[in-house]
Every structure is written in C-alpha cells, then in structure tokens.
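Straight from TrEMBL, the features:
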type	residues	note
BINDING	SER61, THR62, THR63, GLY64, ASP138	FMN binding site
BINDING	ARG379, ARG409, ALA410, PHE411, SER412, GLY443, LEU444, CYS445, SER446, TRP631	FAD binding site
BINDING	THR485, SER551, ARG552, LYS557, VAL558, TYR559, VAL560, GLN561, ASP593	NADP(+) binding site
DOMAIN	8-156	domain 'Flavodoxin-like'
DOMAIN	230-472	domain 'FAD-binding FR-type'
Amino acid sequence: MEMKSKTLLILYATQTGNTLDVAERIAREAERRACTVVIRSTDDYDANSLPAEDTVIFVVSTTGQGDTPDSMKARLTVFWRFLLQRNLGSHWLEGIHYAVFGLGDSGYQKYNFVAKKLDKRLSDLGATAVVERGLGDDQHPSGYEAALDPWLSSLWSRLNEIKPHFFPKGPDFLVSNEELIGLPKFQVTYHNVDDIDSRLSTATDFKYLQMQIGRARSMSSGKVPHEKCKPDAFLKMVKNFPLTRASHEKDVRHFEFEFVSQVIKYEIGDVLEVLPSQSPAAVDSFIQRCNLDPESLITVHPREMENRHIDNNVNTLDVPIKLRTFVELTMDVTSASPRRYFFEVMSFFATAEHEKERLQYFASPEGRDDLYQYNQKERRTVLEVLEDFPSVQMPFEWFVQLAPPLKNRAFSISSSPLAHPTQVHLTVDVVSWTTPFKRKRQGLCSTWLASLDPEQSIYIPVWFHKGLLPPPPPSLPLIVIGPGTGCAPFRGFVEERAVQSQSGTIAPTLLFFGCRNENNDFLYRDFWFSHSENDGVLSEAKGGGFYAAFSRDQPQKVYVQHKMQEQSERIWNLLCEGAAIYVAGSSTKMPSDVMVAFEEIISKESGAPRESAVRWLRSLEKAGKYHVEAWS
C-alpha cells in the first residue's frame, strides 16, 4: 500500500495574490498547532501526485465572469485538465481528504465558480471532504475573512477528529503568536557599493528603465507566478481630455498614448496594464517614518522557512537597487489598505501598551469587524496606519513582506491598431469617493493619469494582455452592449470595422450604450453619431444601429436592456444570422439584466418557452459567441 504523506499540503491558485494570503494564514494556524505544512502554487505541483497525499487544502479564486486564475490556466494541461481526464475513475482519490476555500465576488454571475467546480470534481474522483467548502465574498462587509474565520474553526476541529496525527502535541496545543512569528520570509541585504545604481536611476534609455523596473519587481514579495516583471513598452501621453461635463459627479477621461520605445502589436479587445506612480512626497514620508536610508543599495531574497516551503518563483537579480526605488516601484504605501496580519505583526513591535492592545484586538476574530471599519472601509494606507501607531518600529523586512504590493492597473483598450498603428487609447473613470468618516479618497492610477500633462515627457511603463473580448472577424454580425466606460473596447471594434469597410464587406453591428444623462456623460457622442451616418459601421445602410439609454433623463429609469427590448426583432434577426454577443461594463446587475433581456427577446421572437431561450444562450456561450467583460 502506498504510504501517505504526513504533511498537510496547501495548494493555491492566484491571480492577484489574495489566495496566497489565505494559504499563508492557514499555514500559520496549522503551525500554531505543531502541524507540518507545505505550500505550493498549482503551477508548481504535479496533479499526478495527489493520490500520494494524505490531506490537501485548496485555496482558489474566481475572477471576472467565472474565470480561472492565471496560475491554473497556465498549467491547465498538467493540473486542471489532468483532473478532468475520464480515465481517472471514481476511486482515483479514494482515501484522500480535502478542503476547498474559494475567493469570489457575488456581484458576478458565476460567483465562486472555480471553487464549486473543483469541489465537485474532487468528490467525483473519490476524495472525501473534511468540511463543506468555504466561499469568501468580496461583497461582504468584512470581505472574504467573514467566511474564512468560521471555516477555519470548523476545519481544525474536524481535522483533530479524523486526522489526529497532524497534531502530535494534542488538539488543545497552541504555540503562542510570539513564539511563532520568527523571522520575516524575505531577507534584505544592504550593499556598500558606490554609485552602482546611479546609471540606472538617471538613465533615459528605455532598456535601462525597463531593467530597473524589472529588477525591483522581480524581488517583490507580491510577485505573482507568470507575471512579467519587465514592462512590454513605454508610452507617452499625447492627449488628455474629459468626456463628461465639468459639473458632472463623474470625471471620465479619454487618454491617447504614443509608443516611445518599441511598438507592440495588439488587437482590439486587448487589455493594457499600467504601473502607476505613487506620490514622491508620500514615499519619502514612509521612508522617513521607518527610519530608513532612501539611498541604501539593497537586494531582496526569499528566506527559507523551517517547516514549510513558500513558492515565490522570484527570479531575483543580484544587482542592488536603491531602497527608495524599490519602495516606489513595488510597495503600495500610499493607496492600498494592509491586511489583518499586518496589524498582528505590528503588535509585536509596539512599545506603547495601549497601541499593542489595540493592534492585538484588531488582529483577533473578535476585532475583525472593527478592523474592517477602521481599515478597509476608510481605505487607510500603510503610511496612515503607521502614523496612528507611532510607537511601532518594525524592521524593513516585515514591510517588504506585509505591505500591499503595488499592482498594475488594467484598462480595456479603446482604440484599433488598424486606425492608430503607433498609438493606444484608454477610456478611464477617474475614481474618487468619500469614506464613512468623510475622508476624500482617490484612485491611485486614474488620478495620476488624469494629472499628467501631454507636454511633459513622462514615460509610462505598460504591459499588454489578452482580454475577455476576442477580436471578431469582419464577417461576423455583432450585438454589443457597453454602458458607461463599458463602451471603451467597442470604440476600438467600431474603429477597426471602419478601416476594414474601406477594402471589403463588413457584417452588421448593433451597439447599445447607456449613461445617466444625455448632456452630462454621453461618452463619445460625436464618434457614435459619425459612424451611424453616411454608410458608417453603425448605420442602418450597413444593417447596423446605435441605441442610447439615458437612465436619469425621465421619471422612469431607462437602461440598455429597455433599448434592447425595443429592438427585439432586429436582435433576433441578427442572432438567426449567427451574430455574436459582446457585453462590457459594471459587474453589479448589468450583465445579468442583459442576459435576462436576451432570454425574453429570444422567447418572444421565436415563440419558444423561456427554458429553451436559456439553453440557446448557454449554447452560444459554449460556442464562444457570448462574451462578457465586467469589473467592480
């Protein structure tokens, strides 16, 4: 009989790093119970080894409309597709125990789809669930931790009953947090090298700028597997103008950028990721508050942990970088809120007793809701938290590990490379809001982009990625729904078809747009109208159409789905001709409301029952002809 591992295995699949945070918390709690733990990313684990394990805890996230994280996609053939093989049989994982915790957002239609699907497949293969799957919800007032806390309590209780060998010192044994905290998992080495970074820090050559960013981000604790550290290109802003009225509550901008390094080929429907710039004054304040030397030359490496493996896949380079540059490019100290473990570690370094007690309370399950009100709801930054707890003097290594990573911001590209071969256009909502305590907050990247003057020579590091909206061939009829900034990718679609129509025939395009007021936030009004006339892409002469819903211009609210109902016959005729459906915009109710509208239209126009319309739309999804890109 094959010997089972006596180590608790935690497998995580991450896109944003949240699942790694959860996996590490589970590992810490296991270690407090004297349990030996191994953490692996799914892209660093051979699924064929699962039958040799004893117990496996899976932490997975669902992104967008039910999508699998990149680290599961990237190794799909050796992990997920391996699990889906029919020849594995219903006894392949017999004797294996497992638990699944999923991270998702109930604002999306396919809430925690990946966790549910994985849970069912493991059960189908004969594995036994230790506890019912846990489903964390970003929409909950306390975030995913509201579900994680009770789920972990049940997990340890049940494991103690069925797998006592994991806990050699008994079910009631707990190592104190003070004993367990040990060393941070990253080590910072300081170098006595004169001017080694000066060439890079002052360089204008894009190759050196690219290297500098790549070096810093390859050493970051927040590096996600398969994430490219070096930017694909650098852009320079050439246009920055508002699409909304100055008096309107929202500020939506149109940005145009030109390539200043190499030109990257992209397609309509692609996504541009931008590395935002933090406030230099705020970065300096953080460095000063932590008593650090901004000119220090450092390298950052993962530190080996005694009884668990942390998979970072960090390809660190041995060339030092200035501490200030590292903070500026990798650590979000000016906009993102730290996680709960940050407060727990801070409590060990607080010398004022009242601060220590408050931090310990925040880190406890009892203080979770109060921490949420203080931290997440107010969007406190690392710098603001440190200012509230002045007695805390924490080693820089802990900040490297625990400060939120500075993340690229993703935007749907709103231009066509056929129309603008050396440019990229974006449509960006400049984010701002007021917290419950009346504090003004702003989105880091959108505010920074809006502040840029095209006359300045600011080089913006960017990465290009495939989005969820594949470019359609010109012969494919389209029905597209893009309210608000959801119209961004479809501006590129229309530009592309306008160019294609000059040399060939294009299929009809119906476009439905929605906003609040015709006079305040009708984005790209002149653009849509120009393509709706004179045999344009959206003109009736080309079989197309443009329809706008203004929700607040009359007593009865009118949304895109109402405009769709008005054009039900045209929509049905295009669907019968093989049209594809594209939907983009807010993830709240819009995608599901649009889906319901399609169900009603198909049922009404075909005379078929509603259930048949639902099946018809599902077949469209499976055929790759119903695409949704939605965001919170």
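Glycine too: its Cβ is placed from the backbone N, Cα and C atoms.
Note that the coordinates shown come from a computational prediction; the quantities given were computed from them, not determined experimentally.
Shown for the domain 'Flavodoxin-like' (8-156): DSSP residue counts in helix, strand and coil, namely 60 helix, 34 strand, 55 coil. Take the Cα of SER446 (FAD binding site) and measure to each of the binding-site residues SER61, THR62, ASP138, VAL558, ASP593: the nearest one is ASP138. The separation of LEU444 (FAD binding site) from ARG552 (NADP(+) binding site), Cα to Cα, is 29 Å. Between the farthest pair of Cα atoms in the NADP(+) binding residues (THR485, SER551, ARG552, LYS557, VAL558, TYR559, VAL560, GLN561, ASP593), the distance is 19 Å. When the Cα positions of ARG379, ARG409, ALA410, PHE411, SER412, GLY443, LEU444, CYS445, SER446, TRP631 are compared pair by pair, the longest gap among these FAD-binding residues is 25 Å. Among the binding-site residues listed (ALA410, SER412, VAL560), ALA410 has its Cα nearest to the Cα of ASP138 (FMN binding site). Around the Cβ of THR62 (FMN binding site), the number of neighbouring Cβ atoms within 10 Å comes to 24. Once Cβ contacts within 10 Å are tallied over all protein chains shown, the binding-site residues SER61, SER446, THR485 are led by SER61. In sequence order, GLY269, VAL271, LEU272, LEU426, THR427, GLY467, LEU469, THR485, ALA488, PRO489, ALA584, GLU629 constitute the residues six or more apart from SER412 (FAD binding site) in its chain with CB-CB distances below 8 Å. Long-range Cβ contacts of VAL558 (NADP(+) binding site) within its own chain (separation 6+, distance under 8 Å): ALA549, PHE550, SER551.
LEU444 (FAD binding site) is 30 Å away from VAL560 (NADP(+) binding site) when you measure Cα to Cα. Taking CA atoms as the reference points, ASP593 (NADP(+) binding site) and ARG379 (FAD binding site) are 31 Å apart. Sorting the binding-site residues ALA410, LEU444, VAL560 by the number of other Cβ atoms within 10 Å puts VAL560 first.
It is 23 Å from the Cα atom of ARG379 (FAD binding site) to that of SER61 (FMN binding site).
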